[in-house]
Amino acid sequence: MQVDEVEVKQEKVSSQFQNRLVGIIVLVALGVIFLPDILDGKKQHQEEQFAEIPLRPQAESRLDEQESITAIDLSEQQAQFDQQVSSQADSANVAKTSEPKTSEAKTSEAKTSEAKTSEARQTPAKVTQAKATESKVEVASSAYTLQLGSFKNADNVNALVKRLRGEGYRAYTVPQKPVDGQLTKVFVGPDISKSKLQKLQTKLDKFTGLKSAVVDYNPLL
């Protein structure tokens, strides 16, 4: 009986050992099978992490490139805007410079035309004055007048002239406006006939009580 119990115990121990051995073998087999996959997964995960790390600088570099491109575009736009502003300013300056020149040209043309017009107006006047002077010279060379006398009292001169004109005689004075204290000559005439004035002289002397004289007529007086 004891021998049988010992054998039974030995069989149980051997079976337990076998079961443990089989379990160890199975675990080792499973480890051999799945361990490479686990290791490969870790490697891939690490590789992915290593691969992901450089991507951030690339993104940053792209942002930098975009910012640089944007800055270049903005600088080009600013340069174009500055160029447009400068061109507009130049055109405005040219316009301002041309406007005074145009106004000066118009002013000079207007002055030239006015000068020509004034010259054209003055020329006939000068011709008329020259003709009048010539006619006066001609009259002076062939006309005579009757001088009644010289007086300093302006009232007496005006009264005498009024009296003579009232009788129909062409009386005048030199100077034309009498002034008290200054000599004023009284004349009757002029006339181109000296003999006619000599006949008139007698009548005027009786009328005025003065002693007159026939003299050459001077239109410049």
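Note that Cβ sites are derived from N, Cα and C of the backbone, with glycine treated the same way.
Among the features that TrEMBL reports, transmembrane segment is placed at 20-39.
Residues or ranges marked as region 'Disordered' by TrEMBL: 82-134.
If you look up TrEMBL, you'll see 82-95 marked as compositional bias 'Low complexity'.
What TrEMBL lists as compositional bias 'Basic and acidic residues' is 98-119.
Sequence annotations record features per position, and here TrEMBL assigns domain 'SPOR' to 138-217. Looking only at the domain 'SPOR' (138-217), the predicted model's pLDDT averages out at 91.
Helix, strand and coil counts under DSSP for the domain 'SPOR' (138-217) come to 33 helix, 24 strand, 23 coil.
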